[in-house]
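A.B. asks: Okay, these came from TrEMBL:
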BINDING   HIS65, HIS66, ASP100, GLU219  divalent metal cation 1 binding site
BINDING   HIS215  divalent metal cation 2 binding site
Amino acid sequence: MSTIGEIRAAIDQWAPSETAESYDNVGLLIGDDFLEVTRCLVTLDVTQAVCDEAAGWGAELVLSHHPVIFDPLKRISSRSTVYQLIQAGISVLSAHTNLDKAKNGVNDTLIQRLGVKSAVPVGDTDDCLLMGTLDNMMTANELAEMVKEKLKIPALRLYDAGFPIETVAVCCGAGGSFLMDAVNAGADAMITGDVKHNTVVDAADYGLTLIDAGHFETEHLIVEKLIEYLTPLFPDVEFARAKSCKPLFQTV
């Protein structure tokens with residue numbers, strides 16, 4: 001029977017934990033390597049709903065993109081998800097920024113879905129920001145409509161700098177901190193999520209079209225990639241996407 005340690009090692013082959021950003025917390029966050037696994041629930045976030053779903057399905061392991069333990073814990077309440085997972089005997093393995101920047105990881109998956117061509121890492125962003133070209137020059141509104149269609153989302157936030165767009169910088173999740181890297185690399189537009197007000201002010205100052213397509217919306221595609229990668233490696237383990245892996249914000 002397969003163990004958590006074997007699954008962790010397989011993830012490390014794809015996205016080595018040592019490549020994670022220094023602030024990150026990745027790897028086996030709850031549980032032990034020697035524990036055996038028959039069912040693994042895969043998700044972007046470890047929420048209470050995911051915990052309940054894993055327990056109801058009989059999963060011994062939750063594999064997440066976002067770490068269930070990120071900031072240091074000073075207290076674990078009985079209402080917390082971490083407490084509930086431990087009580088249920090469910091382990092958690094997380095691959096975060098190491099998976100963002102891995103080959104065919106989160107950023108690559110987003111780039112591929114958007115159809116951005118010839119993408120390469122930008123500057124000193126440690127492969128967190130990629131830049132490539134569109135098949136055809138577009139207006140900001142045309143690019144926004146394409147992103148909505150490709151990501152199957154009803155809406156997004158757009159700042160239109162008013163220039164034609166051919167070169168696009170892309171960062172999954174919250175990539176606003178890389179805006180100046182995109183500007184300095186000569187991007188016409190940047191696609192990311194979780195954009196702060198001050199970031200769009202900077203985009204306006206520098207004439208960069210900016211699309212905020214959402215944190216969840218730019219990252220959740222990796223869940224299927226994880227399942228596709230692990231299933232043939234561990235035929236005795238059932239991998240499934242959590243039904244509760246969905247955006248918490250609603251567009252109203």
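Just so you know, glycine gets a Cβ as well, placed from its N, Cα and C.
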A.B. asks: Out of ASP100, GLU219, which of these binding-site residues shows the lowest number of other CB atoms within 10 Å of its CB?
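C.D. replies: Comparing Cβ neighbours within 10 Å for the binding-site residues ASP100, GLU219, GLU219 has the fewest.
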A.B. asks: Which residue, of the binding-site residues HIS65, HIS66, HIS215, has its CB surrounded by the fewest other CB atoms within 10 A?
C.D. replies: HIS66
A.B. asks: Specify the secondary structure state of HIS66 (divalent metal cation 1 binding site) as given by DSSP, simplified to three classes.
C.D. replies: coil
A.B. asks: Out of the binding-site residues listed (HIS65, HIS66, ASP100), which are within 10 Å of the residue listed as 'divalent metal cation 2 binding site', Cα to Cα?
C.D. replies: none
A.B. asks: Check GLU219 (divalent metal cation 1 binding site) against DSSP and tell me helix, strand or coil, would you?
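C.D. replies: DSSP assigns GLU219 (divalent metal cation 1 binding site) to helix.
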